[in-house]
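> According to TrEMBL, the feature transmembrane segment maps to 27-49, 61-87, 93-121, 133-158, 197-222, 243-266, 272-295. The domain 'G-protein coupled receptors family 1 profile' feature in TrEMBL is assigned to 42-293.
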Amino acid sequence: MPFSNGSELSPTFLLASLPGLEAAQCWMAIPLCSAYLLALAGNGAVLLAVRLEPGLHVPMYFFLCMLAAIDLALATATVPRTLSFYWFGSREIGFAACLLQMFLIHALSAVESAVLLAMAVDRYVAICHPLRHAAVLTSGATAKVGLLALARGVLFFLPLPLLLLPLPFCGSRLLSHSFCLHQDVMNLACANTTPSVVYGLTAILLVMGLDAVLICLSYVLILKAVLRLAAWRERLKVFSTCIAHICVVLAFYVPLIGLSVVHRFGKDLAPLVHIVMGNVYILVPAVLNPIIYGVRTRQIQRRIL
């Protein structure tokens, strides 16, 4: 039945179910729940380890704490709602709740992208200008970067739900994922969505796209500085300090690009692909980030043990 957000009853959307596996969704949710609990435990352990280990009270690990907090918030904004659908059949999500979830996903992703850029700059300064590192990246500067990242994410992505708010929705209410994304919700509107399309694409390019370019530029400069070192052993030792951050960047951007490609070119793909890619985008960074830094940092290992 057609519905509009201007009607007496607020519009509701239907979360995507696992096609052909509806009867087994309660069992299929167990891996999702396990990954969520692993993300909670891993990121919580990183926050606690950095809090208790004085040797980790440096900008790089303050940024890591920001990543852990963002991953916890992003996973908590999506996974519990998905699990309530898989386990208790609560498939419908209200219009306001959907817009709030959509805003949190995009804004928190933007904040994480900014923190990854700040970590790349931290590595650049530490390797290329080591004598200025302590003076440039102080605790106060780190806190300001975190606040600026949060403000940028909110300001750039707050217009997304506001642009969708006045649109009427009719026809299908079925989402492509088990949570709300801007492009997914926008495609269900039965009105002109050009302003929303243009703004959404512009925001993504100015935030995530620009961050990715600047991260690559930072590593080009780092690589040039490393190659100036005479001994191969010194080169490997210096560049090894960047390995964990490079892995974390890949864990964030590869699922993001994959999800964008599926949305843009995967209209003929099976619905299961959209659902799996959405969950990968939400959970892979949250699960992998604490593992990557836990393996690479002895102080974190010691504190966790």
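One-based numbering along the chain as shown.
Even glycines carry a Cβ here, placed using N, Cα and C.
A description of the local structural setting of each listed feature is requested, covering burial, neighbours and distances.
Mean pLDDT, taken over the domain 'G-protein coupled receptors family 1 profile' (42-293), works out to 90 on the 0 to 100 scale.
Here the transmembrane segment (61-87) has long-range neighbours at 15, 17, 25-26, 28-29, 32-33, 36, 39-40, 43-44, 46-47, 50, 93, 101, 104-105, 108-109, 111-112, 115-116, 118-119, 122, 139, 142-143, 145-146, 149, 178-179, 248, 279, 282-283, 285-286, 289-290, 293, 297, meaning same-chain residues at least 6 beyond its ends whose C-beta is under 8 angstroms from one of its own.
If one looks beyond the transmembrane segment (133-158) by at least 6 residues along the same chain, the residues whose Cβ comes under 8 Å of a Cβ in the stretch are 57, 59, 62-63, 66, 103, 106-111, 114-115, 118, 122, 125-126, 203, 206-207.
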> Under 8 angstroms for C-beta pairs, at least 3 of them, ignoring pairs fewer than 6 apart in sequence. Is the transmembrane segment (27-49) in contact with the transmembrane segment (197-222) by that rule?
no
